[in-house]
Amino acid sequence: MGKTSKVKKTKAGSSTGNVQSLPFNTDKGQHILKNPGVVNAIVEKSALKATDTVLEVGPGTGNLTVKMLEVAKTVIACEIDPRMIAEVKKRVMGTPLQNKLQVNGGDVMKMEWPFFDVCVANLPYQISSPFVQKLLLHRPLPRYAVLMFQKEFADRLVARPGDKDYSRLSVNVQLLAKVEMLMKVKRTEFRPPPKVDSAVVRIAPKNPPPPVNFVEWEGLLRLCFMRKNKTLMAIFRLSNVIEVIEDNFRKVCSFKNKPIPKDLNMKKVIEETLTASGYGESRARKMRVEDFLALLLAFNKADIHFLS
């Protein structure tokens with residue numbers, strides 16, 4: 001082995017920030033990008049405009065923040081760690097970039113979000129799923145988001161029907177947005193290095209969003225992906241599934257003041273609806289977003305709803 005050179009501490013205003021002097025809390029997902037080339041690539045792929053207001057989550061020591069401030073109109077950085085807040089402010093203090101930076105302290109999942117055009121973030125991995133959900137339900141919709149995730153999570157976001165990573169998450173996100181893998185990032189590009197590699201994904205919300213009752217949509221997908229390799233007919237013949245659907249059916253009929261047939265056979269109604277829809281022998285792992293939309297419509301026409 002060759003000699004290991006000593007790592008020099010860098011000043012807070014340098015291109016990499018004062019990362020050596022700050023202890024990082026990896027339990028909170030604090031892993032700082034140390035490679036300027038990767039930081040520059042993320043900013044380049046973000047295609048920011050000079051008029052953009054950018055929402056950044058978890059700026060850390062500000063490596064990505066500073067580069068975005070050089071391009072965008074404003075960067076609103078949301079950070080929960082007071083030490084990191086002080087560090088990112090120090091990076092731009094006394095420079096022309098200072099007036100372009102706004103730092104919001106606190107938990108980004110609990111705070112009210114400001115208006116922003118684009119979201120660019122190296123996200124704490126623990127909040128990946130709830131953050132994406134909040135992003136896609138935020139109004140007004142941003143133009144897009146460029147987000148760093150654990151590679152395993154990113155693979156699920158971009159998975160297509162038939163892929164091993166295709167899941168309820170894939171369908172939910174792809175209903176509301178166009179998703180694209182932009183680049184992969186090795187774990188060694190971070191300090192301290194996480195246990196797994198990462199990936200950068202572009203999420204562009206569909207605007208306007210599809211006219212879907214998301215409570216029902218989520219209820220349907222939850223059932224379909226109970227056993228994503230089984231046929232839908234096999235899943236919807238399960239007694240506990242039939243029981244839930246019949247309970248919802250009775251609630252809907254009561255709400256509509258519609259009489260419930262005395263000889264109601266919910267299993268038969270479900271089987272006939274699935275057969276007529278053409279999806280009875282389909283498996284969730286191979287169904288497209290459009291297929292689930294058509295299936296939900298077929299069920300709704302038969303007064304079958306997914307309320308819980």
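Sequential numbering from 1, following the chain as shown.
Here the Cβ of each residue, glycine as well, is placed from N, Cα and C on the backbone.
The S-adenosyl-L-methionine site recorded in Swiss-Prot includes His31, Leu33, Glu79, Asp107, Asn122, and the single candidate from Gly58, Gly62, Gly162 that the record places there is Gly58. Under the three-state DSSP scheme, Gly58 (S-adenosyl-L-methionine binding site) falls in the coil class. Looking only at the binding-site residues Glu79, Asp107, the densest Cβ neighbourhood within 10 Å occurs at Glu79.
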